[in-house]
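A.B. asks: One structure coming up, written as structure tokens, with questions to follow.
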Amino acid sequence: MARSAAAKAASGRVSPPLPPNPAPTQPIPGTVSTSSKNKNKGASKRPNDYTSEGVADNDVFLLPGSDYQLLLGITLLAAAVRLFRIYQPTSVVFDEVHFGGFASKYIKGKFFMDVHPPLAKLMITLFGYLAGFDGNFDFKEIGKDYLEPGVPYVAMRLFPAICGVLLAPTMFLTLKAAGCRTFIAAMGACLIIFENGLLTQARLILLDSPLMIATAFTALAFTSFTNQQELGPSRAFSPSWWFWLVMTGLGLGMTVSIKWVGLFTIAWVGGLTLVQLWVLWGDHRNVTISTFSKHFLARAFCLIAIPVAFYMAMFGIHFLCLVNPGEGDGFMSSEFQSTLNSKGMQDVPADVLMGSKVSIRHVNTQGGYLHSHPLMYPTGSKQQQITLYPHKDDNNLWFLENQTQPLGADGLPINGTSAWNNLEETPYIKNGAIIRVYHVPTHRRLHSHDVRPPVTEAEWQNEVSAYGYEGFDGDANDFFRVEIVKKKSKAGVAQERLRTIDTKFRLVHVMTGCVLFSHKVKLPAWASEQQEVTCARGGTLPNSLWYIESNEHAKLGPDAEKVNYANPGFLGKFWELQKVMWKTNAGLVESHAWDSRPDSWPILRRGINFWGRNHRQIYLIGNPIVWWSATAAVVIYILFKGIAVLRWQRSFNDYADPVFKRFDYEIGTSVLGWALHYFPFYLMQRQLFLHHYFPALYFSVIAFCQIFDFVVARISALGLKKNPLIGKAGALLFLLISVAAFTLLSPLAYGNAWTKAECKRVKLFNTWDWDCNTFLDSYEAYDQLANSPAAASPTSTSKPSVNVQAPAPAENPVAAGEQAKAPAVEQPKEKVSGAPAAGEQRVVHTEERVEYRDQDGNLLDMEQVKALEGKVEFKTRYETRTRIIDAAGNEVFVGAQEGAPVPVAPPHPDVEGVDRETPKNLAPDESIPAAEKSVEGEKEAEGKVPKPASESKEKTAKEEL
């Protein structure tokens, strides 16, 4: 769409193209208008409008029949590669824990909170539902068996697999729309087919494969639209022009409705659209104000209105499906929760009086209730615990008393909780009132004193407890002043006195001046992991705000004014959920053993361990030939652009050459897509993984194929244009090398049998940290394993005996630590290699052992370990091993020979070392650093159990509250 730059005049020179270089059919800001006297010799007459030079109609609906035949072949090949043994593994893999679990919740209608939009999860649910999935399988653990409960997991994996299959023909059509030769488009499609990382993600119940096809479809649609736009005014507003513009908007809506990574795709399309509009604005001869307005409004409707409407429609379906309370509703406001079945509340009296029996909710942590129970703090005052609890319960009920009892007609105090029921004057609780808060079930009062809390032992925090007994008058440490926060309360009377729901207030401890406070810090197991409540001096306002939810009083009869939560409606629920998703997503800052930082992605430094069992492993790693070539293409373009700018500064007229301009714009467009899908991750402090690079990888593969196309078919100076066989041979050779690399690493994608020797041969770097010791020494050993008694009873419910060991990882000798503690592991539905028939198995012994091994898995004695101390890095790895014995007590060996390794699940992120480059920040106002010193209990120990990436982890009220 850029008019070509003219030869520079003596008085000045032409401005360089803006990065990214505008489409060649568009006039470049600052360029000199084309005229006959500044044309190169032999050049054809250039257009006098925004039509591009050197651009043909690349409409993918007008391809020759042979291209469609090739497209069908590519699709069939992709299907064969993606669907091969899709039934394995037959157990839960990595984040199938979450996305399979979400399908169960959709079918049951139980509300959950996830950081990703719902489109892909809804589609996975649809495939499972059509295959007969009833939602009763919970997907709770990696390795949980699918076969015995009859989960249609293959059907659920089929949706991501279909998306992965369609990615290859979409790449073919995108390259054709960009003007590439057919054999190069086919090469690009095959690079996608034989990319190990994309294959791994496409075979499992994960969101990345649907995200990739949505991103690819958007790139195809916008590339096709750009081609129509570059053909000039004659194609503007034509059916093809409109079709691809609408499809671009639909693609954007789909992409952002799967993951918010789609916002980067929106940025790519939006940036290039602004360039198009800028060029149109500059063509004052052919584009009138009226015409420009039409262009602008068409793009605004298709690229803004359609994606927004599609995105909101997905959440509309999401809300229609999730109508029942679930584990995730604790994240939402009380108003939101009241829209769920059985969560609605009856109208309650509006005025809160002295003598009211109330429940008090915290504002900032999604409405947990002020709670107490007859358990004592193990340290500090050792008085009764005060916590925040997310569910309705009788232990949430409190009685509001004045600091003194009311006086009767005789002038004497009226004792008892009914003392305020028969007063002539209505005892409103006004701003500044001093009250006592009496816990009805245990007859103790809310109390604070200058004692540090058991968990958050900060100087500015005081312990809050329940103190006293029935009939005890209490002391001055029971006094709290009601401080109404007017800017947070409903306008009117709710700003003057306590009103149910409408008044937001603080409770200020009279004796110490601290404020009743809670934050997202969980107490240990001795408090059932409920949320901590303290009294904070200088606590932040959001964390010290409270309100009354339920309210009963004898003076408030049926005719009393009633209130209830306002129905937020669809827009209110939609916007609240977006804010919760954003906050939760930003809070995922803990390190993970398999996370990685963006600088390691283009060079494929490390992958992600997904699953391991029966001497097989699934490890996400890309095809190094594809990754490194794609990265090289980006580097080549960056060098080209730098040199082009330097030459422009020295008055070279390179941009007068149409091929030069097309190279700059076409490849620059793809590199811009790569950059916008890559560099924003540097700004994120949250957990990041290799699969976050996939959209950027897709654009870099496009750039690689475009550069290849220019080199072999479009740049005449290289001489390859006249010898197309050389280009085809080069493409075939490169493809064969890529397929070879794919084949060598494919056991890690499919979970196939593999030998230690083959594994070690392809493990080029220590950072490729899959464990070759997981695999057997020969394929014959796998045959023996398959023919073992365990193969005949895969649904055995026995409890195998277990050794808990801590051998070293492959890279360095390892100290497993002073002690490796683990209980006997029960695997009720798991195939146990070499196990006797069901009903004859029992646990006979468990033991814990520490081992030291070198990088090859060889056992080291203590003398060798001492000699290595200070010379190598010692790492800890936990493993669970099963030893099988027969009825006579003899050990049964199941490998190729005695001593062959038994099935071992690969080390998981949470028991491996973490990536030290991942920053570990605390979300502001969410927890206090001292809270990390919590007393270890049963729940803390459970945190060491392997679990999936917390990026996708469903946040529950129990975890947060």
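Using the three backbone atoms N, Cα and C, a Cβ is placed for every residue, glycine included.
Pulled these features from TrEMBL for this protein:
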COMPBIAS  1-11  compositional bias 'Low complexity'
COMPBIAS  16-27  compositional bias 'Pro residues'
COMPBIAS  790-801  compositional bias 'Low complexity'
COMPBIAS  909-919  compositional bias 'Basic and acidic residues'
COMPBIAS  933-961  compositional bias 'Basic and acidic residues'
DOMAIN    349-403  domain 'MIR'
DOMAIN    426-485  domain 'MIR'
DOMAIN    495-551  domain 'MIR'
REGION    1-51  region 'Disordered'
REGION    790-844  region 'Disordered'
REGION    898-961  region 'Disordered'
TRANSMEM  115-133  transmembrane segment
TRANSMEM  153-175  transmembrane segment
TRANSMEM  182-199  transmembrane segment
TRANSMEM  205-225  transmembrane segment
TRANSMEM  237-254  transmembrane segment
TRANSMEM  260-281  transmembrane segment
TRANSMEM  301-320  transmembrane segment
TRANSMEM  625-646  transmembrane segment
TRANSMEM  667-684  transmembrane segment
TRANSMEM  696-717  transmembrane segment
TRANSMEM  729-750  transmembrane segment
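Give me the lay of the land around each of these features.
C.D. replies: When the domain 'MIR' (349-403) is classified with DSSP, helix, strand and coil residues number 3 helix, 29 strand, 23 coil.
For the domain 'MIR' (426-485), the DSSP counts in helix, strand and coil order read 3 helix, 26 strand, 31 coil.
Across the domain 'MIR' (495-551), DSSP assigns 7 helix, 27 strand, 23 coil.
Within its own chain, the transmembrane segment (153-175) is flanked in space by residues 60, 70-71, 74-75, 77-79, 82-83, 86-87, 90, 96, 100, 103, 120, 123-124, 126-128, 130-131, 133, 146, 184-186, 188-193, 198-199, 201-210, 212-213, 216-217, 219-220, 223, 698, 701-702, 705-706, 709, which lie at least six positions past its ends and keep a Cβ under 8 Å from the stretch.
A Cβ distance under 8 Å defines the sequence-distant neighbours of the transmembrane segment (182-199), meaning residues of its chain 6+ beyond its ends; these are 66-67, 70, 74, 77-78, 81-82, 164, 167-169, 171-173, 175-176, 209, 212, 607, 620-623, 626, 690-691, 694, 697-698, 701-702, 704-705, 708-709, 712-713, 727-728, 731, 734-735, 738-739, 742, 745-746, 748-749.
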A.B. asks: Below 8 Å between Cβ atoms, which of the listed ranges 115-133, 237-254, 260-281, 667-684, 729-750 makes the most pairs with the transmembrane segment (301-320)?
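C.D. replies: Of the candidates 115-133, 237-254, 260-281, 667-684, 729-750, 237-254 scores highest.
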A.B. asks: May I ask for the residues of the chain that lie six or more residues beyond the transmembrane segment (625-646) and have a Cβ under 8 Å from a Cβ within it?
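C.D. replies: Tertiary neighbours of the transmembrane segment (625-646) are 16, 19, 191, 194-195, 602-604, 654-655, 660, 663-664, 667-668, 671, 674, 697, 700-701, 703-704, 707, 734, 737-738, 741.
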A.B. asks: Find the member of 115-133, 237-254, 696-717, 729-750 that has more C-beta pairs under 8 Å to the transmembrane segment (260-281) than any other listed stretch.
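C.D. replies: Counting Cβ pairs under 8 Å, the winner is 237-254.
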A.B. asks: Restricting to the same chain and to residues at least six past its boundaries, which positions have a Cβ under 8 Å from a Cβ of the transmembrane segment (696-717)?
C.D. replies: 171, 174-175, 178-181, 184-185, 187-188, 191-192, 195, 197, 212, 215-216, 219, 601-602, 622, 626-627, 629-634, 636-637, 659, 662-663, 666-667, 670-671, 673-675, 677-678, 724, 726-727, 730-731
A.B. asks: Short question: which residues 6 or more past the ends of the transmembrane segment (729-750) have a Cβ under 8 Å from it?
C.D. replies: 84-85, 88, 183-184, 187, 190-191, 194-196, 199-200, 203, 616-621, 623-626, 629, 708, 712, 758-759, 761-762, 770
A.B. asks: Go through the chain and flag residues at least 6 beyond the ends of the transmembrane segment (237-254) whose CB is under 8 A from any CB in it; none is fine as an answer.
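C.D. replies: Counting only partners 6 or more residues beyond its ends, the transmembrane segment (237-254) has Cβ contacts under 8 Å with 59, 61, 119, 214-215, 217-218, 220-222, 224-225, 228-229, 262, 265-266, 269, 294, 298-299, 301-311.
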A.B. asks: Within the same chain, where does the transmembrane segment (115-133) have neighbours whose Cβ lies under 8 angstroms from its own Cβ atoms, ignoring anything closer than 6 residues to its ends? I mean 6 or more beyond.
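C.D. replies: Residues 99-100, 102-104, 106-107, 151-152, 154-156, 158-160, 205, 207, 210-211, 254, 256-260, 311, 314-315, 317-318, 321, 581, 584-585, 588, 951-952, 955 contact the transmembrane segment (115-133) from elsewhere in the chain.
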A.B. asks: Over the domain 'MIR' (349-403), what is the model's average pLDDT?
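C.D. replies: Summing pLDDT over the domain 'MIR' (349-403) and dividing by its length gives 91.
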